[in-house]
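The domain 'Phosphofructokinase' feature in TrEMBL is assigned to 149-454. Summarising the annotation, TrEMBL assigns ATP binding site to Gly155, Arg218, Gly219, Gly243, Asp244, Gly245, Thr246. Marked as Mg(2+) binding site by TrEMBL: Asp244. According to TrEMBL, the site 'Important for substrate specificity' annotation covers Gly245. Summarising the annotation, TrEMBL assigns substrate binding site to Thr272, Ile273, Asp274, Met317, Gly318, Arg319, Glu373, Tyr430, Met431, Ile432, Arg433. Residues or ranges marked as active site, proton acceptor in TrEMBL: Asp274.
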Amino acid sequence: MDSIFAPKSSSISSLSSPALLSRFLEASSSRKFSSLTFIGSRPFRPSSYSTTFAMSSNDVSKPKIITGDFGYVLEDVPHFTDYIPDLSTYSNPLQDNPAFSVVKQYFVHVDDSVPQKIVVHKDSARGRHFRRAGPRQKVYFDSDEVHACIVTCGGLCPGLNTVIREIVYSLYHMYGVTTVLGIDGGYRGFYARNTIALTPKVVNDIHKRGGTILGTSRGGHDTSKIVDSIQDRGINQVYIIGGDGTQKGASVIFEEIRRRGLKVVVAGIPKTIDNDIPVIDKSFGFDTAVEEAQRAINAAHVEAESVENGIGLVKLMGRYSGFIAMHATLASRDVDCCLIPESPFYLDGKGGLFEYIEKQLKENGHMVIVIAEGAGQELLSESMQSRNQQDASGNKLLQDVGLWISHGIKDYFSRQKTMAINLKYIDPTYMIRAVPSNASDNVYSTLLAQSAVHGAMAGYTGFTSGLVNGRQTYIPFYRIIEKQNKVVITDRMWARLLSSTNQPSFMSDKDVIEDKTECISGEKKEEGPATQFLDNGNCADGALENKEVSSV
């Protein structure tokens, strides 16, 4: 991959001769150019910028990187002009929209970007950035030619209907688009079911309901059939709402569309109740999930403190990441022990969970335990029948750790014969994800949907709309699907939880050393010096507490 500084009047496409390219590079070494032009003639104006443009028609999966002074790196998203020449552009209809006429500088500047890391030191490089989301002055679709579709995939999540509603409303009322279809039942709906016509009247009140009016499913991803359906129906904007598995599917669909040279946008809106998608600040529905989880925790606390030696055990969602359990615990302040997948624990022996429960009951007469569904799965190995089984989305099937640990606690105290306990097990999992979104998530879902529409109309594709450091951005698919966001148990946020519950860490010295080693190795990938935290371990700064260190 070549890095090329191009003068204002040149483009890579005009330098097809090796001799010309050689002379151009020689000249560029002694000149400082005011702008960068690359295939598609979309300039990136700051001085001394270069681009690594590796998006050929035969190789669509490589990142599109733009670099600049002082360690500036822009992880850009694909654009129509990268692979389709001579496209027409149109003035953005928003400039004539009375609702936006009062907004000063409403259109996003072509050079605007958002840094992934905002906590820096005086010698830090500028670091990685993402393209800022929002409306552009020029769009690549005439309103009448747009045929959009929306699909929801995977599990339910608060806010799905809000996102659907706001995509439809944004297309209709901002850009004058009148053809929007809903794909029924997830990915397989593209080729196995009829579509649903979506208008502002149809979606007007759906944000007040939980679930998704389009229906959803896991699996059913057949790339060739899906793209054939998109092509046959004349669809040119595809909005895909789903979690990491769904976004992987969206990435594959985008690459096939690009391979065929179609003028079709593929835009993702990240959805996961577990908050396990990397890079973004949080996923929509997460705040609602935490709020609803507190209701279950409050009920468990009432049950536990109302009887002698009462134990309230609450199982919350969190297959691989314990964010819901951690945040609900911190918000509640009634929890005595929080168990998540990222933090190993053991049951028997000195310092084990059973000993801690007995100690709490002797001191306080009751306790509340919150456990994420993915916690302690390694302890179920003897009885686990579904160790290697997966659901249709490729997720590992888990045993009911809440039911298993409740039996374990009862068995322990029946063997000890030191006290009689009264345990209540509460599993609110599907109640939490089926509720309508709260006010915070409604606002967030609206911003995600509007940003996706703005990006699609501006010709961007192969991106996910997401919040980074409080700013709406366009993130390339490969960053969203490369790993899962997880709680860093050597980070400040987990330390705050431990100080709130006063529970032991349940970690051996070996576990602490190994985790800090991982954290330190992750920091080596950072653009700036490490930030110290606890015992001189180099870990993520508190401002990045919702991020896995190596993903920041």
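Yeah, the Cβs are placed from backbone N, Cα and C, and that goes for glycine too.
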Model confidence for the domain 'Phosphofructokinase' (149-454), as mean pLDDT, reads 92
As a whole number of Å, the Cα atom of Asp244 (ATP binding site) is distant from the Cα atom of Met431 (substrate binding site) by 22
Whole-Å Cα distance, Gly155 (ATP binding site) to Asp274 (substrate binding site), is 11
Taking every pair from Thr272, Ile273, Asp274, Met317, Gly318, Arg319, Glu373, Tyr430, Met431, Ile432, Arg433 (the record's substrate binders), the biggest C-alpha distance in Å rounds to 17
Should one count Cβ atoms within 10 Å of each candidate's Cβ, the binding-site residues Gly219, Gly318 would be headed by Gly318
Here the Cα-Cα span from Thr272 (substrate binding site) to Gly219 (ATP binding site), rounded to a whole number of angstrom, reaches 16
Comparing the Cα of Gly245 (ATP binding site) with the Cα atoms of the binding-site residues Asp274, Gly318, Glu373, Met431, Arg433, the shortest distance belongs to Asp274
One of the binding-site residues Asp274, Gly318, Glu373, Met431, Arg433 has its Cα closest to the Cα of Gly243 (ATP binding site), namely Asp274
Across every protein chain in view, the count of C-beta atoms other than its own within 10 A of the C-beta of Thr246 (ATP binding site) is 28
Cβ neighbour count (10 Å, all chains) around Arg433 (substrate binding site) is 21
